[in-house]
Amino acid sequence: LNRGFTEMHCMTGHSNFVSCVCIIPPSDLYPRGLIATGGNDHNICIFTVDNPAPLYILKGHKNTVCSLSSGKFGTLLSGSWDTTAKVWLNDRCMMTLQGHTAAIWAVKILPEQGLMLTGSADKTIKLWKAGRCERTFTGHEDCVRGLAILSEMEFLSCANDASVRKWHISGECLQVYYGHTNYIYSISVFPQCKGFVTTGEDRSLRIWKQGECAQTIRLPAQSVWCCCVLDNGDIVVGASDGIIRVFTESLERTASAEEIQAFENELSQASIDPKTGDLGDINADDLPGREHLKDPGTRDGQTRLIKDNGKVEAYQWSVSEGRWIKIGDVVGSSGATQQTSGKVLFEGKEYDYVFTIDVNESGPSYKLPYNITDDPWLTAYNFLQRNDLNPMFLDQVAKFIMDNTKGQTLLSTSAQFSDPFTGAGRYVPGSSSGSSTIPAADPFTGAGRYVPGSASNAVAPVGGVDPFTGMGAYQSAAAKVENIYFPKKDAVTFDQANPTQILGKLKELNGSASEEHKLTEDDLIILEKLLSATCNTSAEIPTAQQLQTLWRAVNWPEDIVFPALDILRLSVRHPTVNENFCSEKDHVQFIILLLKFLNPEGKQANQLLALRALCNCFVSQAGQKLMMEQRDEIMTQAIETKSGNNKNIHIALATLTLNYAVCLRKVNNIEGKAQCLSVISTVMEVVQDLEAIFRLLVALGTLISDDTNAVQLAKSLGVDSQIKKYASVSEPAKVKECCRFVLNLL
């Protein structure tokens, strides 16, 4: 009697690894249904059940397709590392869902028509209706990896933060389930929603009933990548050892005694690495001996460690069999502590170190997670902030970190656990590839960037002046020039202000304003206070009343509005003002207002100040978020201002592009980069001013650094031939130098 599955045939069609598979239900045209596969080659292949070659191939994603879900009427939803999801009907892409800022690891089509879910490495889940984002679900503290539908109104999600969450589509999180000790990769629901199953990076498959983890099945492989529940209730799992295993509750489908014994032997010989934290902190010296296994366990899946002849073994309690089953040998646990054992999990994330810090004898101790790639000073600062501790301890904590991590370099992840989704080792927050070399002076501020442990570089080199403001004499060194221009890390803002002049102009124009727009003397005093609060001349925080008055002023007729726009441009740099205009509540009117002034037919002064205000929005989180959300609209409208041949407008437009480049680099959004590159290419055609050219070159360098896709795209737009002429500009030297660095990348 063959209880298993046999291979029907092997389908091929992708040029690299396949990362997801999904069944498209039967239709009139294909009564046996279809199979869809997504691959690392950016394609989706659609197969019939009988043919090993694809029926057709869907092209359109710009990176690996890592998730698929099929809906009614032949619709297919795909999620990709290119940060978008796409909706396909037969062989056409109908819609692209844009809004996530990182890879989309999970997609699901809800039973109600037109509703779709996407889960992303940006830690959020989004609900889409007819292609528009209706709602964003936040709560997970790390990449969302899997989604499962419970009903028309409820769904589950699992994530790298080792938790499962149950959500109502209204946005409310109904429950959080803990049990896994590491990333959870996959989640699947039992028929009639009678519980669910999960698998993850902690070698386990877990079965959940009535909100509790009812059973834990250990596997002889570190990563259990995927699980699915069959219609008969059997559970299928795929793991990093390349084996698919099926588990059942049914007696007639249970494997033979030999097969079960073989599985148990394989499991007992597995070596469990204590570094993974799957079994908690281990100190071999404190462990009991084999007699400890005489006492029965208290719950299914409970683990117990014993020491036998100097070896540490791990056992798990099985309620159904009433015995302890060996699940492996714990290797390398010779009293290894977290300090010496590589990766440690803290609050669901991996770190190189988690220190315990006692601030004073009587008080509580605090956990301080740290990765070798982190800046010790920034980590120390964040730690003190997070725990409300006295900032006086900053030097002490930073020194503690440096003393305790001496000589540590980044460990290469062992190749055996490569993630089938990324082809790389497990994702470790903070381990960005490519270490940055120590840069010299920042061309925007002229200061050398402080790098811990690099005393020799702590002083800005001679000639490290700000090429944007020309402070100090800019000398180009004859020696080998270091690239101090890009990739740029922070937004560039327009800060120059003459509050007296601005207010003078405002009062003068107020005199000629119509009755409905006229501001009272009190209003003018309020705006004066706002200016001094936001130009750092007073320590006061802008008030709601001041912002309301400003809002009235910026809605003046366009022939007299420019001083009010200038106040807005300066104020929006202040966190309070930024939050007020850019947060979820009011941002729509704010963007509509600024976009209105970008009309190339309108007054140039208004175009200039609106562009500068948009640049200054990038100083705070709220502003950045809004600028990124509205990128398409803003960029499309802003590029129109290039036609006016006004040098200041061109500089502001180049700066806006540069600020987008800085943000796009952080989220590595290739569709956004594509838009940004085409703007740079278009604006380069018309701009004469060398300061504007310089900023466009910095933007270009920032976009293509460490990104082969962006380099290819820039080449295909012919940007390299456009910029060649600037490599021989004699003054200012920064244009020539920056241009040469960009050409080196192309």
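Every residue gets a Cβ built from N, Cα and C, even glycine.
Copied over from TrEMBL, here are the features:
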{"type": "REPEAT", "residues": "58-88", "note": "repeat 'WD'"}
{"type": "REPEAT", "residues": "97-129", "note": "repeat 'WD'"}
{"type": "REPEAT", "residues": "177-209", "note": "repeat 'WD'"}
{"type": "DOMAIN", "residues": "316-415", "note": "domain 'PFU'"}
{"type": "DOMAIN", "residues": "484-745", "note": "domain 'PUL'"}
- Composition by DSSP (helix, strand, coil) of residues within the repeat 'WD' (58-88): 3 helix, 17 strand, 11 coil
- Query: Would you list the DSSP helix, strand and coil counts for the residues of the repeat 'WD' (97-129)?
  - Reply: 0 helix, 18 strand, 15 coil
- Rounded mean pLDDT within the domain 'PFU' (316-415) lands at 69
